Amino acid sequence: MSSRTALAPGNDRNSDTHGTLGSGRSSDKGPSWSSRSLGARCRNSIASCPEEQPHVGNYRLLRTIGKGNFAKVKLARHILTGREVAIKIIDKTQLNPSSLQKLFREVRIMKGLNHPNIVKLFEVIETEKTLYLVMEYASAGEVFDYLVSHGRMKEKEARAKFRQIVSAVHYCHQKNIVHRDLKAENLLLDAEANIKIADFGFSNEFTLGSKLDTFCGSPPYAAPELFQGKKYDGPEVDIWSLGVILYTLVSGSLPFDGHNLKELRERVLRGKYRVPFYMSTDCESILRRFLVLNPAKRCTLEQIMKDKWINIGYEGEELKPYTEPEEDFGDTKRIEVMVGMGYTREEIKEALTNQKYNEVTATYLLLGRKTEEGGDRGAPGLALARVRAPSDTTNGTSSSKGSSHNKGQRASSSTYHRQRRHSDFCGPSPAPLHPKRSPTSTGDTELKEERMPGRKASCSAVGSGSRGLPPSSPMVSSAHNPNKAEIPERRKDSTSTPNNLPPSMMTRRNTYVCTERPGSERPSLLPNGKENSSGTSRVPPASPSSHSLAPPSGERSRLARGSTIRSTFHGGQVRDRRAGSGSGGGVQNGPPASPTLAHEAAPLPSGRPRPTTNLFTKLTSKLTRRVTDEPERIGGPEVTSCHLPWDKTETAPRLLRFPWSVKLTSSRPPEALMAALRQATAAARCRCRQPQPFLLACLHGGAGGPEPLSHFEVEVCQLPRPGLRGVLFRRVAGTALAFRTLVTRISNDLEL
């Protein structure tokens, strides 16, 4: 789940009004808990007791996996089914009306998407002050993190991933939705290494013949027409970004980069990039179809699906548009299980028929999800019928046994798979023992688990962990895309690059808001994001005195993980949070009505834009700002999932079914490995806790010291081969460079 701190997309069209959260809202419901296991608890609020973990609705919160300025992402487990989910928790009280509007639009768009390579939204829970989005958990992390750790992909592996990306993006375009922030940080991997596109915070609906004018996205992935300030139809900017992504997958670096925004802009507008010697002719050919300066001559995704390179190894299985299957809401086995949980057939039918994003629909959908360990749908002991799905051979989506497409996908999966690290997983009990939902009491209970990070403390994001959700931007108004939580936290790394790191190593792109545009050289922007027709249509060139955004290193610029020119930014208006007025001068009288209460909302008041300086001068000055305060402290139970009590019966490490991501193996007893790990981490000056018998949660640096803060976990796992154990390292927060340095140091000390 990307979720990144980013500028919220502007309202490109009049249709950008408040979305409808609809049936997902349940603020009028009060405490509800699993009567079998947890006693009475509030279904739609967070609560905690001395011996239990906090809960939200039917979900037990396990740990924080991402943080943004006004949002958090929690890894949680659905009590009734045992499935893991990611819950995005957004503090609505911190958001201005424009930000709320964009948040509701994102939710509305996610409700309409049902593709195996797009993160699925299961449930929406809304209270007066908080919005909870229950989404699919992509446990294997970001494609970005893989590229940082392993470098470029082989073309066969990149092809398997890229087919899924193209299928998902084409599906969005078929539904008249443009993503506008496609990049490696927003591509997640599930337990089977299938792509999951996340972070629709900048997405918008488009109409043929109607132009969009909002400049948003990460500069290295942004199309040239965006740098020129031209209006665009929509899909063509995603197609350019797909070309950059393909180049990145195959080469491990970016086709367009620069020491500052001015240099990057010039390179993008030239459209010239280096072709690595190892890139095949067919791959080079398809790249040239994506990276075309003239958007009118850029290829379409329908043409790409017929390209030779994308279908190599898939003879007879040409990539075709995804056909969304008819929803199977009549699975009697799942319905019977839900009846055993305490739901009535009537409410099940109503929720599924009306497609309400409430607890009933979420339970039904989660019962049909695969378990990561078993790979089968449904709960253990239940022969749940599979939901009908289209064949992978035609749609190039998630892997399915038996097809040649799956052969390539399995090969890719073996390379990229990262297992989740929780040893406390226990699937749902057989049908007769399924926990029952408890009755709902009235009353709207507010959050008690923990406060959302404040504006100052929220400048850094902590957390994607596996959800490779990218970190929050350290500066400007990420409230404008509140539904973004960052993983992991990034601070600019002042340390030198380790010698064992490749010079072209990937660096993360932050997310920012371009808050103002020049009034004299750029079309005036109304607070609703519409352009004033009295202006011109181009962004002026960058100021010659552009601020340097990152120090160069080698032939290509080498930026820290939080590098600014790789940040997503957006040319919308930003409300002055202190004055409570829009940047255009329109007074905001309060947040918009919740879309769960009103399906139509009046447009935000408009006003005259105030005069500003050059766009790129303003942007670069903001992008060069750095947060000097210490990031929000990671301490206590928030350090890891590990404040969970040990399972007293657990005497062996977790069995790692897919061991391809394990780099260190040993035949030592697991207890001896843990002892060696404790010594090695102590020698590396890490502060460690042991939340589970075979898991260490470690912190290094930070607290005002010279070294950046790094938060990671080390787990000893049992491999399928008898008598062989593996050591898994997982970065939770901090820069990739610092993490890799620590892993190398600890691994050398282990002498495995």
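Yeah, the Cβs are placed from backbone N, Cα and C, and that goes for glycine too.
Positions annotated as region 'Disordered' by Swiss-Prot: 1-36, 385-615. According to Swiss-Prot, the feature ATP binding site maps to Ile65, Gly66, Lys67, Gly68, Asn69, Phe70, Ala71, Lys72, Val73, Lys88. Annotated active site, proton acceptor per Swiss-Prot: Asp181, in sequence order. Annotation comment: Swiss-Prot describes Thr214 as phosphothreonine, evidence class similarity to another entry.
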Please work out the number of neighbouring Cβ atoms within 10 Å of the Cβ of the residue listed as 'phosphothreonine', leaving out its own Cβ.
27
Measuring Cα to Cα across Ile65, Gly66, Lys67, Gly68, Asn69, Phe70, Ala71, Lys72, Val73, Lys88, which the record gives as the ATP binders, how far apart are the two most distant ones in Å?
14
Inter-residue C-alpha distance, Lys67 (ATP binding site) and Asp181 (active site, proton acceptor) (nearest angstrom):
19
Rounded Cα-Cα span from the residue listed as 'active site, proton acceptor' to Ile65 (ATP binding site), Å:
21
According to DSSP, which of helix, strand or coil covers Lys67 (ATP binding site)?
strand
Using Thr214 (phosphothreonine) as the reference point, find which of the recorded positions Ala71, Val73, Asp181 has the shortest Cα-to-Cα distance to it.
Asp181
On the three-state reduction of DSSP, what should I expect for Val73 (ATP binding site)?
strand
Tell me the Cα distance separating Asp181 (active site, proton acceptor) from Asn69 (ATP binding site), rounded to the nearest angstrom.
19
Measure the Cβ-based neighbour count of Lys67 (ATP binding site), defined as the other Cβ atoms within 10 Å of its Cβ.
34
Across all the protein chains here, work out how many other Cβ atoms are within 10 Å of the Cβ of Ala71 (ATP binding site).
32
What is the number of other Cβ atoms found within 10 Å of the Cβ of Asn69 (ATP binding site)?
30
Could you find out if DSSP has Thr214 (phosphothreonine) as helix, strand or coil?
coil
